[in-house]
Amino acid sequence: MTTIPSSATSATKTLGGTELARGIRAEVTSAAAELTLLGVTPRLAVVVATDDESSAWYVRSIARAAAKSGLLCDIVDLGADATTQSIRAELQRLSADPAVHGIILQTPLPAGANFEDLAASIAPDKDVDGANPLSLGRLAAGLPAYAPATAAAVLALLDHHEVPLAGRTGVVVGRSNVVGKPAAQLLLQRDATVTVCHRYTQNLGHHTRTADVLVVAVGRPGLITAQHVAEHTVVIDVGTNPTDDGGLVGDVDETSVSGRVAGLTPVPGGVGPVTTALLLQHTIQSASRSEPS
C-alpha cells in the first residue's frame with residue numbers, strides 16, 4: 001500500500017483502484033461460492049430503460065464482472081419508451097422476488113421519469129447502489145445502509161492508500177445524490193471537516209486549495225487545474241467523460257495537476273473498477289441474509 005505523506009511533496013502518487021478492485025472481487029468470488037453451496041445463488045438485477053450506448057456498455061461491464069465472480073446478473077431492459085408506471089412495477093416485482101438480492105436502476109431514464117421517485121420502489125435491503133431516499137437518509141443519520149457504490153469507492157480508495165481522514169479537511173466538488181452528498185456524509189463519519197462546492201460556489205479555488213482530500217464529481221472534463229490545488233492535496237477524480245477518440249478523461253486536468261498534488265486517482269483505472277466491485281460486494285452482503293440457517 002502507498003502512504004500519502006501529510007507534508008508537501010513534488011511527486012504525485014498514482015492512487016490506482018485496480019489492485020483494490022481485484023481484492024474485493026476475489027472476496028466476492030469466494031463468498032459467492034460458499035453461498036451457492038448453501039443453496040443461495042447471489043443474483044443482481046439491473047433495470048434499464050434507455051438506448052444510451054455508454055449506459056449499455058456500463059451495464060454489460062457489470063454483468064461480465066458478476067459472471068466472473070459467480071453471481072447471476074439479470075439485465076431487465078424495459079426499452080427507452082418505458083413508462084414511469086412500468087418501471088415502478090418492475091422495481092416492485094424485483095423487490096418482492098426472494099431470488100433477487102440486489103437491484104440497480106440504471107440511468108438515464110425516459111423523459112418525465114424521476115429517478116428519486118422510482119428509486120423509492122427499491123427495497124432498502126436490496127438497494128445495493130444506495131439509490132432509495134430511505135437509504136440516503138439512513139446514511140446521513142449514520143445508520144446502517146448501502147451507500148451509493150461510487151461514493152463508497154471513494155472512501156475505499158482512500159483507506160486502501162492509507163490516506164488519513166480524521167481531523168483533515170475534505171472538499172467535495174459536486175452535490176449529486178449519487179456521489180457528492182453521500183461522499184461528504186462518509187467523510188464526515190470519518191471525522192473529516194467537509195466543505196461541499198457546487199455550481200453557485202464563488203471562487204472555487206479558494207475552497208479547493210484548502211483540501212487535504214479533494215473529491216471531484218461533476219462531469220466537467222478538466223474543471224480542476226493547477227490553480228485549484230495545493231501540494232498536500234490528495235485528489236479523487238470521479239469524473240468519467242468520453243472523448244472523441246473513444247477514451248475517458250476525468251474532471252481533473254491530469255497534465256496540469258500532476259507533480260503539484262500529493263496523490264491523484266487515474267481515469268480510467270481509479271474509482272471505476274472499485275465501484276463495480278463494491279456493487280457485487282453489496283449484493284453478496286444482501287444474499288448472505290438469505291442463507292439458510
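Note that Cβ sites are derived from N, Cα and C of the backbone, with glycine treated the same way.
Listed in Swiss-Prot for this protein:
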BINDING   GLY174, ARG175, SER176, THR240  NADP(+) binding site
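The binding-site residues considered are SER176, THR240; of these, SER176 has the fewest other C-beta atoms within 10 angstroms of its C-beta. The binding-site residues considered are GLY174, ARG175; of these, ARG175 has the fewest other C-beta atoms within 10 angstroms of its C-beta.
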